[in-house]
Amino acid sequence: MTTPTPLRSVTVNTPPPYTIAIGPGLLHDPPRLAATIRGRHALILSDSEVAPRYAAQLHETLLRARPDLHLNVFTLPAGETSKSLENFGAAIAQLATLGATRDACLFALGGGVIGDLAGFTAACWMRGIDYVQVPTTLLAMVDSSVGGKTAVDIPQGKNMVGAFHPPRAVIADTDTLATLPLRELRAGLSEVIKYGAIRDPVFFHWLQTTREALLARDPAALAQAIARSCEHKADIVGRDPLEKGERVLLNLGHTFGHAIETTQGYSTPGSNNLNHGEAVAVGMVLAARLSNTLGLAPAEDTETLKNLLDAYGLPTVLPSGLTPEMLLERMRLDKKNIAGRLRLVLWRGIGHAEAVPDVDEAAVRQILAN
C-alpha cells in the first residue's frame, strides 16, 4: 500500500506572516480555503490551460464552505504575454463588476504568470486587498508564489511594473503536478536546483541523486523538493522582504535569463522560445562561467552545475540568433543595477552566491559571445 504524502507547512515571517501549505488534495479542503476569505467577495483568476482542469473544483470547494460568497472566475490566455498592463486593467474591471470591497479576496489559480498578475491586481485594488496563491506549476510552488513580488511586463522588460504585496496564504496542491507537461516540470526543477546552487550544497547533492524520482513525479520526492525550496526562500524573504540585501541572491541566473526571455520573445504554449525556468538554467550557467572568468569560482563547479542541468533535460547554452549586444541592451535595464552599472548575482562555487556590483561589460560580452 502506498504511504500517503504528509501535509507540509512552511511559515514566511514577513509583515504580515503567512503559511505555505504543501500536499495533495488541498483543492478539496473547504475549511482551509475558506479561512483565507475575510469578506463576501472573491475572484478566481486563472488561465486557459489551468481553468478547465481546476477552476470548477476551487469554485465548488469555496462555495461549499461559504455559500454566501459572491464568487466569479476570470480566465486569461495561457502564457507570459498575458502578464500585461492590458490584462491588469481587465482584472481590475472584473473586481469592479463583482462589487469587490476592501475585504475581498483574489485567488491566483495557475503558474507564475497568473500569480504575478493576480498579486499586482490585488495590490492595486482599493490600495490593497487579500489574495491567495494557489500554484499549479512546480515553478510557481517553489518560487513565484512565495515572497510577495507582484508585477506585469512591458515591452522594455520583464516585471518592470509591480509592487511588493505578500499573499494571505499559499496553498500548493501537489496533485496538480500530475497534469503538468514534462517541459514545465523541468522548468520548475531549474528553480529548485538554484536553491542548492546558491546556499545548500547538501540539497544540491540530493538533487544529483534523486533526479529519476523527481522526473518520474514521485510524490514524496516532489514534496521534499518543494518544501526545502520554500524553506530556503522563506528564510531569506523573512529577513529581507523588500529585496534590500540578501534576497537579491535568489536571482542567480535571472539577469541573463530575463534578457533572453525579452529578447527572443516570451514563451507561449507550443512555442520553441525558452520559458522562464529554461532561461534561468541558461542564465545560471552563464553566471557560473562569468564567475570563473572573474576568478570568483572554480571551473569544476561550473561544470558540475552544467552537468546537473543537462541531466534534468534543461538547456545550458544560449539560443541561436541572440547577439551579445542584444542581450546587454536588456541587461542594462535590470532592476538590480546601481547607477547605470551592471550588478549581477554570481557565485563562489556550489552553495555560495553573492551580488557583485559594477561588473565589467567587456567580461559579460565575452561570455555571451562564447
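The backbone N, Cα and C atoms fix where each Cβ goes, glycine too.
Among the candidates HIS165, HIS276, the residue that Swiss-Prot annotates alongside GLU191, HIS254 as binding Zn(2+) is HIS276. Within the same chain, residues at least six positions away from GLY112 (NAD(+) binding site) with a Cβ under 8 Å of its Cβ are PRO135, THR137, LEU139, ALA140, ASP143, SER144, SER145, HIS276. A separation of roughly 19 Å, to the nearest angstrom, links the Cα atoms of ILE114 (NAD(+) binding site) and HIS254 (Zn(2+) binding site). Sorted by the number of other CB atoms within 10 A, the binding-site residues ILE114, LEU177 start with LEU177, the lowest. Separating the Cα atoms of LEU177 (NAD(+) binding site) and GLU191 (Zn(2+) binding site) is a whole-number distance of 16 Å. On a Cα basis, HIS254 (Zn(2+) binding site) lies 11 Å away from LYS158 (NAD(+) binding site). In this structure the C-alpha atoms belonging to HIS254 (Zn(2+) binding site) and ASP116 (NAD(+) binding site) are separated by 16 Å. Apart from GLU191, HIS254, HIS276, the Zn(2+) site neighbourhood in this chain, defined by C-beta within 8 angstroms of the site C-beta centre, holds LEU139, ASP143, SER190, LYS194, GLY253, GLY257, GLY277, ALA279, VAL280, GLY283.
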